[in-house]
Structure formats: structure tokens, C-alpha cells
Amino acid sequence: LFDGVYPFYPQPRKAAVFDISTIIVIVVFLTLACSFLLIIPGIRGRARLYWTLRVLLSLFVGVVIVVVQFTGDWETGWVQANTSYKSFSPVQVNADIGLHIGLAGVNVTLRGNPVNQINETINYNEHFPWNFGADYDRSYSKGLEKGLPSPILYVAEKFSAQSPCAVHRQYRIAGHYASAMLWVAFCTWIISNILFSMPVLVYGGYMLLVTGAFMIFSLLSFSTVRNSPMCQIQIGTRTLHVAYGGSFWLMVAIGLLCFVVGITIVAMHHLNLDLLKTFFDLREDKAEEYQEMPELFINPHFVNKGL
């Protein structure tokens with residue numbers, strides 16, 4: 001026994017704090033950003049500021065497009081209530097019950113107030129996937145076999161395929177198409193960066209508009225689940241209500257940002273092309289364009305003849 005832990009037996013499960021896939025994506029993009037910051041001192045003049053703004057803004061858009069694929073807060077809801085903790089037991093606990101809906105599944109959180117009640121630690125975060133290739137009902141059945149707390153099973157049952165709420169299919173298809181739209185947006189984001197590194201800036205602006213359009217399409221695809229009525233999730237005397245979460249509104253902001261930047265680039269291409277080339281460090285120096293020969297060689301024979 002080491003500090004209350006048996007080293008040769010399976011350890012108790014702990015509540016998840018961060019998704020591993022999200023951490024991996026953030027680390028990759030942070031590595032790219034740090035690599036750019038290492039070479040930024042080699043860029044002279046105002047071009048250094050322009051490069052920093054462009055690269056960091058572009059990386060931020062890219063990391064958001066990828067990270068929201070794995071987040072679970074496209075729709076969220078919390079409620080605090082007194083509820084039964086175990087089946088066939090009259091004992092009740094005071095807890096916060098959270099519902100977090102993502103593109104690939106649903107997370108149900110149960111956290112006691114306080115965490116330690118009835119000689120147990122009440123702190124759960126269970127994930128039930130519904131993406132293609134995953135079996136939601138099987139995950140729910142495993143939860144029943146493990147004996148998860150009653151509030152988690154009650155909330156998860158609302159999204160099962162056998163539930164009378166009949167929202168499983170809508171959420172699954174909406175999440176699938178929203179994810180597909182975001183991957184297309186990620187591809188167009190890569191193409192826009194390639195075009196911005198070439199003297200075809202207006203096409204990069206057009207591709208940025210396409211990126212914003214696919215991001216908005218993903219939002220519209222996910223919001224179609226609102227067309228079907230949602231069953232009430234009644235926990236004790238309280239009702240758990242769900243609203244759009246941080247990932248949804250972040251995608252709205254980034255999509256609008258892509259539209260604003262794309263429209264600005266296209267407008268500057270037609271109104272002030274030199275300023276646009278200066279910002280992207282593609283302007284040719286006039287002095288070099290009309291540079292004269294530094295040395296002039298004259299034939300003395302012609303000089304003597306006065307020619």
C-alpha cells in the first residue's frame with residue numbers, strides 16, 4: 001500500500017479534464033507558431049509585423065477548425081438538483097449534472113456538492129460516442145454493466161437509439177456532416193495559405209471566402225437538430241436545458257472573420273493593389289526595377305574622335 005494506492009491492481013477511474021486529441025492538435029500548432037517566432041527576427045522592417053500578424057492569425061484559424069472536431073461543447077447544459085445516486089436506493093445526493101454534446105458523441109458529467117458524500121467520491125465524466133463506426137447503444141449497455149450512477153444513465157438514455165425521444169439519428173447525421181464540412185474547410189484553408197505565398201493574392205482571398213462558407217455550412221448542418229423536439233430531461237424537481245456552447249459560437253466568430261478578411265483582400269486587390277502587395281511582402285522595389293548599371297565602360301577611341 002503506497003499512499004492509499006494498491007500498485008498491482010487496476011486503479012480507480014478519474015474524471016477526464018482534457019481530451020487527448022485536443023491536446024495533440026494544440027501542441028502541433030503551438031510548435032508551428034514557436035518555430036515561426038524563432039525565425040521572425042530575420043525579417044526586417046515593417047514586414048516583420050505583417051508576417052507575424054498573418055501567420056499567427058492563419059494558425060489560429062487552422063487550429064480552431066481542427067480542435068472543434070474533438071470538443072464536446074457544441075451544446076451544453078448544467079443543472080443542480082437533489083437526485084438519487086444509485087438504482088433501488090432511496091439515498092439522495094446534491095450534485096451538478098452537466099450535458100456536453102459534440103460532433104462525435106455526448107459527455108455526461110456528475111459532480112457532487114460537496115464531492116465527497118455518502119462515503120464516496122462523486123465526480124464522473126462519461127463519454128458515449130455516436131460517430132460512424134461507434135455503437136452508442138453498446139456504450140450505454142457497458143455503462144449499465146459497470147453500474148454508473150443513475151443520473152448519468154438517465155441522461156444518456158435520452159440519446160439512445162431505442163429512446164422515445166428519437167434524437168439519436170438526428171444528432172448522429174448532423175454531427176457527421178458538420179465534421180465533413182469542417183474537414184473540407186481545413187483543406188481550403190491550406191490552399192488559401194499556399195495561394196497567399198504566391199503572387200495570386202485575390203485567389204487566396206476567394207479561397208478564404210470558401211473556407212468561411214464551409215464553416216457556416218457546418219454550423220447550419222449541426223443546427224438542424226433543433227428542428228426535432230427535444231424531450232425534457234427532468235432530474236429531481238429541476239429540468240436540464242441545453243443551449244449552444246462555446247465551440248458553436250467560436251465557429252461562428254471564426255467563420256465571420258474569414259468572410260471579413262476574404263472580402264477585404266478582394267476589395268484591396270481592386271482598389272489598392274500596391275498596399276495589398278506590401279502587406280503580403282510581394283511588392284517589387286522600384287529602385288531595383290529601374291536599377292542602372294553601377295559602372296560604365298567607354299571606348300577611348302570614340303572619345304578622342306568627339307563622338
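One-based numbering along the chain as shown.
Glycine is no exception: its Cβ is also placed from the backbone N, Cα and C atoms.
TrEMBL labels come from automatic prediction, so no person has curated them.
Features reported for this protein in TrEMBL:
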type	residues	note
TRANSMEM	20-39	transmembrane segment
TRANSMEM	51-71	transmembrane segment
TRANSMEM	91-110	transmembrane segment
TRANSMEM	177-196	transmembrane segment
TRANSMEM	202-222	transmembrane segment
TRANSMEM	242-268	transmembrane segment
*When you scan the chain for residues with a C-beta under 8 Å from the transmembrane segment (91-110), skipping those not six or more beyond its ends, what do you find?*
15, 68-85, 117-118, 122-131, 134, 136, 149, 151-152, 155-156, 159, 171, 175-176, 178-179, 222, 233, 235-236, 240, 242, 245, 247
*For the transmembrane segment (20-39), what are the same-chain contacts with Cβ under 8 Å, counting residues 6+ beyond its ends?*
55-56, 59, 62-63, 66-67, 70-71
_Intrachain neighbours beyond the transmembrane segment (177-196), with Cβ under 8 angstroms and 6 or more residues off its ends_ = 54, 58, 61-62, 65-66, 68-69, 103-104, 131, 203-205, 207-208, 210-211, 214-215, 217-219, 221-222, 280
*asked:* Can you tell me which parts of the same chain pack against the transmembrane segment (242-268), counting only residues 6+ beyond its ends and a CB-CB cutoff under 8 A?
replied: 57, 61, 64-65, 68, 71, 73-77, 99-102, 201-202, 204-209, 211-212, 215-216, 218-219, 222, 230, 275-276
_Positions whose Cβ lies under 8 angstroms from the transmembrane segment (51-71), at least six residues beyond its ends_ = 19, 21-22, 25-26, 29, 32-33, 36, 40, 43, 102-104, 179, 182-183, 185-186, 189-190, 193, 196, 211, 215, 246-247, 250-251, 254, 257-258, 261, 279-281
